[in-house]
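**Student:** My questions all concern the structure below.
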Amino acid sequence: MGEEAAGVRPELVREAEVSLLECKVCFERFGHRQQRRPRNLPCGHVVCLACVAALAHPRSLALECPFCRRACRACDTSDCLPVLHLLELLGSTLHASQAALSAAACAPGVLTCQHAFGGWGTLVNPTGLALCPKTGRVVVVHDGKRRVKIFDSGGGGAHQFGEKGDAAHDVKYPLDVAVTNDCHVVVTDAGDRSLKVFDFFGQIKLVVGKQFSLPWGVEITPQNLALVTDAEAGTLHLLEVDFPEGVLRRIERLQAQLCNPRGVAVSWLTGAIAILEHPWPLGTAGDNTRVKVFNSTMQLIGQVDSFGLNLLFPSKITISAVAFDHQGNVIVADTSGPAIICLGKPEEFPALKPMVTHGLSRPVALVFTKENSLLVLDTASHTIKIFKVMEGNGG
């Protein structure tokens with residue numbers, strides 16, 4: 001009632017909070033108190049006062065805009081009055097929205113964030129997330145100097161590899177990552193349109209090139225086969241690889257005429273395969289998304305798109321990642337919420353149940369641990385966030 005009375009739609013409130021009301025350097029929300037006050041740089045970009053102080057040289061107070069690199073001094077900055085006024089205008093509405101999210105978080109089955117690791121510098125614009133099934137270590141691909149970062153199960157940095165470069169074995173522009181049952185790391189590389197296989201210590205084992213137009217999503221089946229989507233060709237491929245020897249044994253096209261397929265997931269319970277499609281052509285601004293689920297013999301058993309979900313859900317949904325939980329339910333990440341949502345089993349689509357309703361900025365990848373914790377890769381905060389069921393919940 002508070003949001004309707006204020007004349008502000010809930011999805012616009014959330015978009016304003018994420019897009020306008022947080023500092024894009026530290027990702028903290030702007031506020032009226034000193035350290036979080038929004039400050040205009042002479043170039044027009046806005047950061048919080050704490051980041052101005054952190055970026056400025058301690059003696060000369062000189063700094064560069066972190067976005068356009070224009071030089072200025074800390075004393076050249078000024079309060080960003082439009083953002084301060086927007087904070088006042090949306091204050092009561094945002095508090096009402098946050099109260100509603102907090103109430104939702106107390107619902108049975110909703111997950112809460114227990115731990116986060118990574119952060120800017122450790123990770124740079126990460127795009128893909130995977131778990132090693134044997135060791136429980138977390139593997140992330142990102143835009144750092146070394147493209148593949150491996151953390152231990154507690155979030156400590158283990159090691160990294162995959163140099164940025166022009167050599168055939170270098171990783172140029174990684175999109176997704178998976179880890180095989182025998183601990184090999186498989187990366188889709190949009191830079192040279194290839195699939196690259198490394199051992200867990202970073203030694204290159206295999207480069208599969210000339211087979212794909214734009215390889216995007218990658219997943220490993222229980223049989224240790226690799227599933228790869230080709231966003232440009234509109235296809236799904238199955239690869240049989242001798243990973244220790246680095247030999248491609250067979251490649252098979254499982255599905256064609258898909259519409260810009262990106263994410264792919266497989267259920268270890270049922271063998272079902274979920275594919276995330278983006279029906280708008282590559283490079284356009286459309287944000288419609290669609291999830292198709294096939295059984296183990298590649299028969300379509302369920303599908304749902306963001307238009308249909310928007311008819312059932314009170315706010316806009318834009319799906320950015322798909323996964324299966326241990327019960328065979330399809331789980332998706334929503335960047336419009338932002339949220340994590342359970343769609344239910346493919347035969348029941350869509351049985352919507354929010355799982356995570358706050359604590360995210362831009363979730364782009366999901367994976368469940370053996371202990372049924374949910375790991376979410378949040379590219380806006382450059383972190384991996386671990387969500388678990390609240391104590392006392394039966395979900």
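Along the chain as shown, residues are numbered 1 onward.
A Cβ is built for glycine as well, from the same backbone N, Cα and C atoms used for every other residue.
A TrEMBL annotation is a machine prediction, not a hand-curated record.
The annotation domain 'RING-type' is assigned in TrEMBL to 23-69. Residues or ranges marked as repeat 'NHL' in TrEMBL: 111-154, 158-201, 245-297.
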**Student:** Suppose you look only at the repeat 'NHL' (111-154); what would the mean pLDDT be?
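**Tutor:** Mean pLDDT, the repeat 'NHL' (111-154): 92.
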**Student:** Mind checking how the repeat 'NHL' (245-297) divides into helix, strand and coil residues in DSSP?
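**Tutor:** Secondary-structure breakdown of the repeat 'NHL' (245-297): 0 helix, 25 strand, 28 coil.
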**Student:** In the domain 'RING-type' (23-69), how many residues does DSSP put in helix, strand and coil?
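**Tutor:** Once the DSSP states are binned, the domain 'RING-type' (23-69) shows 10 helix, 10 strand, 27 coil.
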